[in-house]
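Inspection log for the structure reproduced underneath, given as structure tokens.
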Amino acid sequence: MVQIDLPAESAVRIRYPTLTKKLRKRSTLVIIVGLLLLCIITSTHISHNFSGSDTPKCRSIYMYPSYARIDGFDSRHTKLAKKYHLYLYREQGKDKEPKHGDEIQLDGIPVLFIPGNAGSFKQARSIAAASANLYFDHKSTIQNSNAKNMDYFTADFNEDFTAFHGQTMLDQAVYLNDAVRYILSMYAQSAAYKESNRPLPKSVILLGHSMGGIVARLMLTLPNHIPESVNTILTLSSPHSTAPVTFDGDILKLYDRVNSYWTSAMNDMGSYFRNNVSVISITGGILDDILPADYTNLQGIVPESNGFTTFTTTIPELWTPIDHLAIVWCDQLRYLLAKYILEIVNDDAGGKTATLDIRMRKGRKFFLSGLERITDADKLIDKNLSAPAVDFSDTESVPENHLLVLNSSESMSTGYAFNISKSVDYSFEMLTSLVQFDIFFCKDIYGKDCINGFSSFSKVPHSTSLQKFPTDSSWGESVSPFRFISLNGSLLQGFQIIVFQGSMKKKEDFVLAKYSDDKSIETASDGLWKLSLFPFRMSLKNKHSFVHGLAFPNLWSSLISFNLKTTFSDEIDSMFRPMMRQYVNNPYETKWHLLAASSSHEINMHNISPFIPLDDTIDKSLNLMFFIPPGEEISLRLSINWKLTLKMLYIRFRLAFASIPISIIALVLCYQFYYYDSPDSKFISFDTGLMNVLNNHSLLIFLFLSVGPIAINHKAILTLLHYLDPISLSKPSSDSHMLNNNYMLGLRETFVWWIGPVFFIISVALLFIILRLINVIEFAVIKISSAITRYTRITFPDPLNDMTHHKLLFNNRQLLGVCFISLGVMVYVPYQFAFILVSLIQMWNCMKLAVFTNRNNAKYSNIHNYNVSFLMLTIFMIPINAPIVVVFLRNFAIRWETAFRSHHNFLAIAPTLLLTLRNSQCNIPIIKNRMNWLIVVSILGYLSFYSFMYGIRNLYWVYHISNILNGVLFFLTIL
């Protein structure tokens, strides 16, 4: 094929692109590779089962639920009373049930559960039942003298699709603010409160699941929010940092508004937010296949003084990943959530919660491993200094850098003492299987002014040959977890001696402790490029220590998973089996791996991720912390796990299967219109255009896809891309250390250069599959049409011979349809619904033209090729518009009679509607001059560029650019 410039005269012969045999072979190879990649990613996503620490281990639950509908919360109190409802959960046999069948008794502290996308109000029952059981049956285990039973209210949103529709999310937030106002007023009428003279509640604890967590944060930004009515928010699998789908512009605008509002409020040191409001985000991690766990990060929105993000694998005595739906009913988690809530309430205060400092300290205790830097401030803070009941003269002194090993009752003396050096280079570490013991940190060597440090110990999984998973020693199991503490020199400043005392009641009990200046963390410089060729190998052995740290500062991408093989001798009579803590410092993700003599462990992390803001000052390392019995030697082999890597690509780049194909279609249309530069030109077919684009420009395309996503990771380029974006919702951070890449694929690591080409090849294969499906349907229609003509002698009139279609812009039937659809969009239905109807019309246009093209190819070839290309673009616009249609139909199904209060812009569908109707008359855009041609090609080029550069995070705007294109094409059909 020879490329030429635009001809000066129409008489110049043009060599149009054709499908040569060589070109077909090349294109077939690309399609086969694309289909193979698609099959590999799909099969790994479906068939690959998680193992080890990623195995789901939630226990089943039971409860005795009942729900009291709050009928008094009607249209007098909220305009949304006919659409939504409010319920009060009551655990049968525990909570006070309504008197006389309808008189609700409130005597506790209010909690409001907010369901997520398509969620049910009944999902509150698991945590509500756990709270009731814990308070009424096990109150002695609650470390809070001001605890009170909880009243769980739950919102019934009729399983609304919150994630798809911004107006729905806004409606829910408005309704819930009205609900909070009504709930607080109910307590003012409560007989129990009147009789006890207790302070009336002035705030409500919010518990949100999935999008319910975003609705909770949105509530505090609205005009109808009651000031200081919310100070505690707990969210489960809620995408705080970025919207999980980008089909609706209202959702993106709400996200931008909410996050900007919260960031500003939290940066104001004197605001109510900064001094009172806490947010804890809990995610299930790798098992969440509904939304990427990366999106739950609060970094940059809420400071660590007010909240944090944690993973269920991090939480002590939970230690299991949880999927998106199970996170509301997982037995271990619901118990910990219920216990946390009961320990942070204060029935004697009007706000009904403890101070922000107490809530955050309790939050770190319950939901972090205790080994994070942020938890250091919570250790050794007991203000009640006292003298321990230990005879210090009878203790055995343990020298510095000496490992204390106790593994039998005969080896225990009265106590063991560690003298503390003034140097901050020393640290103290201790691991034990004992359930109860005393350890005192004293400010003088005589045992006065001491703190009992037992509560500063962290619980870690019990690891012996009998345990296969970390959850084998989680809450509710018969095996108790180990306890571990690590204190650096700065935390020990002010103390002079550590005294340990305990008794071993079991044969397998042990104690390991050491006060030393040994540096137990080694750094491995291996990066992904080296690791892809040569696995990392290392042996760990130290007779004088039991903790070994290994940091990989160059392994930080969440997109790459690893495989760690461990080998050690199982012949040594060890006190415990070696185990490993895998962790990153932000967000707070920890996974525990119990090691076998020869075992393989999958390493997947949520660290630096696409589209998530990055603080370049934080430690990004992948860290491995090994607990090894003294004398044991472990061999390590770390390599890339390609199977798990491919599996995890799908959940992070699902939207790319819409944006990249649209980019390719626009590029092919641009190529087609490049040659269709006059009324006498030939409009080449879609497959011819696509194959020639691949043949002539594949090198340039692959170079752009490989280098582009990585090259833009510079603050100046990101700022430029922001200003080139016509909607510009993702504003560059004012913090010079924050980097937010919302463009292309959001990649940051050069090693993943191949992701762009992979998705491009898959997208090409998808386009050919869809094109062939259209061809098959057309073939069937042609056969049916021929059969009808043969047996009934009914002939279909040739539309190009009917001169009336040249005289009239639209016929009467089309005008009636335009008026009907226009009125419907402006009054009741969203324009997306009209788009689905238009898509069906365009499909019919192509089927009709296939019949006429079969009769007279020369006459109808251009029109048919043009309509098929337009149909391809229309098909990939359907996923962008379908979610809003689903929301609309859901509202219609529940008989919500109020008009759909968004997406009634008739101009958002008019160009596409009018062009489709012109297509049905067998009209094709007429390129009369170079300016017409330049406008069409420029818009198509921009659509292709925008869809790839900005499309994943702004899919809704891709549709609007396409709609503008359709308006231009419609104008060209009437010239």
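Backbone N, Cα and C atoms are what each Cβ position is placed from, and that goes for glycine too.
These features come from Swiss-Prot:
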- SER210: active site (ACT_SITE)
- ASN49: N-linked glycosylation site (CARBOHYD)
- ASN276: N-linked glycosylation site (CARBOHYD)
- ASN384: N-linked glycosylation site (CARBOHYD)
- ASN407: N-linked glycosylation site (CARBOHYD)
- ASN419: N-linked glycosylation site (CARBOHYD)
- ASN488: N-linked glycosylation site (CARBOHYD)
- ASN696: N-linked glycosylation site (CARBOHYD)
- ASN867: N-linked glycosylation site (CARBOHYD)
- 27-47: transmembrane segment (TRANSMEM)
- 655-675: transmembrane segment (TRANSMEM)
- 699-719: transmembrane segment (TRANSMEM)
- 751-771: transmembrane segment (TRANSMEM)
- 818-838: transmembrane segment (TRANSMEM)
- 868-888: transmembrane segment (TRANSMEM)
- 932-952: transmembrane segment (TRANSMEM)
- 955-975: transmembrane segment (TRANSMEM)
Distant-in-sequence neighbours of the transmembrane segment (751-771), which means Cβ under 8 A and at least six residues beyond its ends:
30-31, 33-35, 37-38, 41, 527-529, 532, 557, 559-560, 649, 653, 656-657, 660-661, 664-665, 686-687, 690, 694, 701-702, 705-710, 744-745, 868, 872, 875
Same-chain residues near the transmembrane segment (868-888), Cβ under 8 Å, at least 6 residues beyond its ends:
160-161, 164-165, 168, 245, 247-248, 658, 661-662, 665-666, 668-669, 672, 685-686, 689, 767, 770-771, 774, 829-830, 832-833, 835-836, 838-839, 842-843, 845-846, 900, 903, 912, 915, 919, 955-956, 958-959, 962
For ASN276 (N-linked glycosylation site), which residues in the same chain are close in space, meaning a Cβ under 8 Å from its Cβ, but six or more apart along the sequence?
GLU228, ASN231, GLY351, LEU356
In which DSSP state, out of helix, strand and coil, do we find SER210 (active site)?
coil
Nearest to ASN488 (N-linked glycosylation site) by Cα, among ASN49, SER210, ASN419, ASN867 (recorded positions)?
ASN419
Between the recorded positions SER210, ASN419, ASN696, ASN867, which lies closest to ASN407 (N-linked glycosylation site), Cα to Cα?
ASN419
Is the transmembrane segment (818-838) packed against any residues at least 6 beyond its ends, judged by a Cβ distance under 8 Å, and which are they?
810, 874, 877-878, 881-882, 884-885, 888, 899-900, 902-906, 908-910, 912-914, 916-917
Listed in sequence order, residues with CB under 8 A of ASN419 (N-linked glycosylation site) and six or more positions away:
SER397, GLU400, ILE445, GLN496, ILE497, TYR515
Taking just the CA atoms, what is the gap between ASN696 (N-linked glycosylation site) and ASN49 (N-linked glycosylation site) in Å?
42
Around the Cβ of ASN696 (N-linked glycosylation site), the count of other Cβ atoms that are within 10 Å:
15
Among all chains shown, work out which of the recorded positions ASN49, SER210, ASN407, ASN488 has the most CB atoms within 10 A of its CB.
SER210
Round to a whole number and give the Cα-to-Cα distance in Å for the pair ASN49 (N-linked glycosylation site) and ASN867 (N-linked glycosylation site).
44
Count of other CB atoms lying within 10 Å of the CB belonging to ASN867 (N-linked glycosylation site):
27
ASN867 (N-linked glycosylation site) versus the residue listed as 'active site' - Cα distance in angstrom:
41
Quick one: what's DSSP say for ASN49 (N-linked glycosylation site), helix, strand or coil?
coil
